[in-house]
């Protein structure tokens, strides 16, 4: 085989390998995720393009990604439990392993019919959280699918709802604030009973006559760095988008949107809870109004 022919073969093999990597994260729940709890409470439809989790008084259910990621943009479309979902919690988060784990959380706290869902967010670094912010949504998240996203790079973590930023957590290691930038994380989601705390501090219990409670998922997308067993990272995307998340930060439009969300829909912010921190607010809370 001539050297030019060999180069062509090597190029085709490289392109095939890249296409296989992209296909492995191409938004197929059957290929990209493992069921970790309540196998008989999980349904996959349309060849793995659509997934539902269910909860009843026997079991909840959960799944996790096969891949680990170190930085990226993760999108998931979710339709939350409808009707009287009090006592239930639907989670969607990134997490590493071990007692000193890092974690980036969306948790959706169920409600009585007619009351708004609460979106609970948190950031854990080296096993420590206590950075809660909570929001109402400006729509009913049970009527249709909405996109919930994480953007995570070396400088910032952003939480987005339908591409609108609701929260940022900046890298302020220069101030001694830990930032998750070294531990790869998997994607997790679950639906479980938490009626000891989820709705009105546990005053409202789960009404099991309304079971099964069902949360639905579709259009998963990971435009991210896939962590391999060889302690290396391969940047890939399951879309035609470039990896713009690598240096993404809030622009002027993003700052206007997050101010709107935090003014109208934020209901709790650890950065303003002086009773909780009588010795002084955490240092990241003093740095920016866009917390």
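The backbone N, Cα and C atoms fix where each Cβ goes, glycine too.
According to TrEMBL, the feature active site, nucleophile maps to 103. Look at TrEMBL and you will find 107 tagged as active site, proton donor. Residues or ranges marked as domain 'GH16' in TrEMBL: 23-217. Summarising the annotation, TrEMBL assigns N-linked glycosylation site to 111. Marked as signal peptide by TrEMBL: 1-26.
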If you average pLDDT over the domain 'GH16' (23-217), what do you get?
94
Between the residue listed as 'N-linked glycosylation site' and residue 103 (active site, nucleophile), how far is it from one CA atom to the other, in Å?
25
Number of other Cβ atoms within 10 Å of the Cβ of the residue listed as 'N-linked glycosylation site' across all protein chains:
23
Looking only at Cβ atoms, how many others are within 10 Å of the one on residue 103 (active site, nucleophile)?
19
Might you list, by sequence position, any residue in that chain lying six or more from residue 107 (active site, proton donor) with a Cβ less than 8 Å away from its Cβ?
89, 90, 91, 92, 93, 119, 120, 121, 122
